[in-house]
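Peer 1: According to Swiss-Prot:
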ACT_SITE  ASP123  active site
ACT_SITE  ASP142  active site
TRANSMEM  11-31  transmembrane segment
TRANSMEM  69-89  transmembrane segment
TRANSMEM  93-113  transmembrane segment
TRANSMEM  134-154  transmembrane segment
Amino acid sequence: MSSARSPYLRFGLIFAAVAFLLDQVTKWIVTVPLSLEPKGQIELTSFFNLTWAENCGISLSMFASCTDTTRWTLVAVTGIVAAAVAFWMTREQAKGDVIALALILGGALGNIVDRVRFGYVVDFADLHIGDFRPFMIFNVADACITIGVLLLVARALLLGEKAGQADAKPSVD
């Protein structure tokens with residue numbers, strides 16, 4: 001990460017906004033027009049259902065108690081993480097890393113909005129093979145965060161120091 005302003009910052013912020021909006025719009029579609037109710041389910045295919053889940057905690061049901069203390073602690077912690085990711089994005093010179101950070105930022109903000117509005121995060125995407133469910137029920141924000149983290153890890157492992165050099169904007173002297 002450089003101390004110079006990222007040449008991809010505007011792009012990253014737009015990308016984060018799109019991720020955030022996709023998350024919020026899909027949650028609205030599932031809860032309002034489709035009228036999916038808490039603990040309700042709509043079977044779309046043999047491997048994908050829309051299943052309403054109210055997630056008071058974080059992944060794998062950690063911190064799942066639905067208390068005000070848990071709610072506001074998770075809002076604060078997620079807000080701090082989102083601020084750190086946004087700051088990192090302002091300095092990141094590699095376009096691929098900015099995309100990954102934007103996904104994480106947009107997803108984090110989407111889940112923060114849910115937690116502030118409802119006290120829980122609305123999850124609805126239920127991928128399964130018969131009765132086998134390899135994933136927890138999730139939402140677009142969760143998918144964005146996961147994909148963003150995996151992109152950062154993959155780029156760090158596969159490209160290493162070359163990541164910033166490979167897709168950074170060339171400087172004009």
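Cβ atoms here come from the backbone N, Cα and C positions, even for glycine.
Quick caveat, the model's predicted, so the values are computed rather than measured.
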Peer 1: Please give the sequence-distant neighbours of the transmembrane segment (11-31): residues at least 6 beyond its ends with Cβ less than 8 Å from one of its Cβ atoms.
Peer 2: 50, 52, 89, 92, 95, 98-99, 101-103, 105-107, 109-111, 113-114, 122, 124, 139-141, 144
Peer 1: If you count Cβ atoms within 10 Å of the Cβ of ASP123 (active site), leaving out that atom itself, what do you get?
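Peer 2: Neighbour count, Cβ to Cβ under the 10 Å cut-off: 21.
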Peer 1: Provide the three-state secondary structure of ASP142 (active site) computed with DSSP.
Peer 2: helix
Peer 1: Under 8 Å between C-beta atoms and at least six residues away from its ends: which parts of the chain pack against the transmembrane segment (93-113)?
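Peer 2: Result: 1-2, 4, 6-9, 11-13, 15-20, 22-24, 27, 75, 78-79, 81-82, 85-86, 121, 139-145, 147-149, 151-152, 155, 163-164, 166-169.
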Peer 1: 10 Å Cβ neighbour count around ASP142 (active site)?
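Peer 2: I count 22 other Cβ atoms within 10 Å of it.
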Peer 1: Quick check: in three-state DSSP terms, what is ASP123 (active site)?
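Peer 2: Once the DSSP labels are grouped into three classes, ASP123 (active site) ends up as strand.
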